[in-house]
Structures are given as C-alpha cells and as structure tokens.
Amino acid sequence: MSRPTRAIIDLTALRHNYELAQQLTGGGLAMPIVKANAYGHGAILVASQLDTMAPAFGVACIEEAMELRAAGINSPILLLEGFFSEDELQLAAQHNFWLMVQNRNQLAALATVKPATPLTVWLKLDTGMHRLGFDPAQAARLHAELQSMPAVADNIVIATHFACADDLDNTFTDQQIAQFQRHTQALNTLSSLANSPALLGWPQARSDWNRPGFMLYGQSPFSHDHPLASRLKPVMTFRSEVMALREIVAGDSVGYANSWTAQRNSRIATVPVGYGDGYPRHAANSTPVLINGQRARLVGRVSMDLITVDVTDLGPVAIGDEVILWGKDLSANEVASYADTIGYEILTRLHNRVPRVIATSQAPVPS
Ligand SMILES: *Cc1c(COP(=O)(O)O)cnc(C)c1O
C-alpha cells in the first residue's frame, strides 16, 4: 500500500500532440520546450519519449540541460535564456547546448572565448515583449557581428517571443511579426517566432524553428474553444483515491479556519492531495473534482496534504474510489481558473512528492 496520489503520464498523447505541432510548422521544425521539468510532467521522461522525433529541445537554463544530458538525451538543447556566466560557455561547447543571446555582455563574452567547437547561437530580438532581447533595428549589425566571431557557428537563428499570441483578437502579434520581418528578411538566416498559441492560432508566425511548450502537454493556451487546440490530448492525469468518508449535519464546518459550513446534512470525502503536492491552495470552494467520473465540489480549505470534497449528490462513494484532480474530462485550465491562475502554473507546480507514472504500465518512472 502506498499513498495513491499520482500523475499518470500518457506518452501516446504526448507524441500525438508533438505530431500536431510538427504538422502546424508547415515544413519547419518544432523544438519541444521541456523547461521547468517539462511543465511538471518530468523532463527526462518527456525528452526520452520525443528524442527520436525532435531535432532539438529547449530549456530555461544549463542545469536543466545538464540533467537531460546526464539521462542520455543526445539532441541539441537550446538554453532559452542563454548563459549567465562565462564558465557555462565551455560546457555549452562540450555538450552541444545552443545559446540564446539577448544582451551585450553575452556578446562580449562570445567575442573572447575559444571553445573547442563553434557554438550555435540564436539572436533574440525584442519586438514588444520588453523582457529580453535586442532592439530589432540592430538586427543586421548584430548578425554581422556574430558572423565575424570564430566562436560562433554559421547556423545563426534570429528569434523573438510573443506577448499576446493567446489573444487571437489582439493585433499586437501582427505588429510583432511585421517588425521582426522588416528587420530580418534581408538577412540570410533562419528564424524562430512561434510558441504554442502562435503555432495554433497565428499561421503567419510559423517559421524555420518553432518552440511549442504548453500544447505538447495537451492543454489549450486559449481561453476560448479553438478547432486546432481541441485536437490536443491531455498528457497528465493527476489522480488519487478517497481515503475517508463522513456524514456531517447542517451547520458543521470543514477544514482549517472553518472556512466552509454545510447548509444541509452532507457527505464529505477526504482525499490525500494538497498544496504540498501542487494542488493549488487558492482553489475556491466548488472547484470541480471527479470522483468515479462524476463532478463533485471541493469544500473547505486546501491543506498541505489533504482536500475535502462534498459528495452528497453523487451515487455511492467508497473508500478507495478514484479521484481525478485534473486530466481528460477535467482540464488543468479549468481547475486553474478556480484558483485565479492558469494551467501553465498548476502543471508546473506539481511537486516531486507526486510520483510520475507512465500510463498503462503503472510502473513508477525511474529517476
Ligand atoms: C516557454 C517558452 C516557449 C514555450 O511557450 P508555450 O506557450 O509553452 O508554448 C517558447 N519560447 C520561449 C522563449 C519560452 O520561454
């Protein structure tokens, strides 16, 4: 017997979503983004599964890239934030990590290093996100500067990132694309623009290299229904089991601070999952939970290790019955909306305490 709280990972769904991303590139390449432990799904598990299909992976930092190398992932890995210190450059050369270059200090370091093999560099332009990257008006000059550096390989990619691509009515994305094209189309170089919402919703943003993250995990980046996003299949099922049941009478309260009080005689199921597992503490009363496939409502505060669910209106419920926190019939996005956040955050926050288990085999993932 062990605590029944698990994240079941459906690798068939993962491959399906990646294939859809590849199709949407229209002949370009799709680089799976596996930062933040593959959005909580397990970076090694996800990258191992996609390694033979994907030309390269993207992560946020060198520690994440090293973890994948140590696990035997041999594809190139792009460091989306580039390098933070010069000692990372030798490691990058040694391990075939690609570098996003987004500021002058990084350029200066590249101008002086002598790596054993030339580095693959992506040049980041700031087309309106105003977070990282260079002024697009400098693109030609910076590109020439990089080309002149012995430490930099010939295959330079020019990239940008969208601020509003999940809002299909927002023309800011068109402006970002236009600005990118104005300053780069005369350069003989590869380009990379699209994240998940852009790949799904902005065909003009597709280019040589595309960077899907969230969509690979089967979640829609949009708040409204979208025909392509509806073809995605959720990869994670976050599940547990009922561990206790009790009857309470009208006027009784449940959980810390007595924050929920029963208006009628009620049946309460207790489930061993809490914010210590990554279930959002701010999930409001009435957040949906599936028990035996039926929708029930969270009541009372989310504790570190437990939640309580009102099952009064469900059919028979017994200890050991299956509880789905999110998965196929209840999206992470929907649960997130009850906690005033987004699916990206709740997936990414799934704690290491939750075993990731491959669907069907039920075997724990070796770590
Ligand atoms: C995280 C990230 C992505 C992936 O974004 P999704 O919305 O998850 O597809 C792409 N590009 C960059 C630079 C990122 O940081």
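If you go along the chain as it appears here, the first residue is 1 and each next one adds 1.
Each Cβ is built from the backbone N, Cα and C atoms, and glycine gets one as well.
Whatever TrEMBL says is automated annotation, not expert-curated.
Among the features that TrEMBL reports, active site, proton acceptor is placed at K35 (among others). Around K35 (active site, proton acceptor), a 10 Å sphere centred on its CB holds 19 further CB atoms from the protein chains shown.
Within the same chain, residues at least 6 positions away in sequence whose Cβ sits under 8 Å from that of Y256 (active site, proton acceptor) are G300, R301, S303. The active site, proton acceptor annotation in TrEMBL covers Y256 (among others).
In this structure, M304 (substrate binding site) belongs to neither helix nor strand by DSSP; it is coil. Long-range Cβ contacts of M304 (substrate binding site) within its own chain (separation 6+, distance under 8 Å): G274, Y275, G276. Summarising the annotation, TrEMBL assigns substrate binding site to R131, M304.
Per TrEMBL, the feature domain 'Alanine racemase C-terminal' maps to 235-359.
Summarising the annotation, TrEMBL assigns N6-(pyridoxal phosphate)lysine to K35.
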Residues near R131 (substrate binding site) in space but at least six apart in sequence (CB under 8 A) | H161
For the domain 'Alanine racemase C-terminal' (235-359), jot down how many residues DSSP puts in helix, in strand and in coil.
-> 16 helix, 43 strand, 66 coil
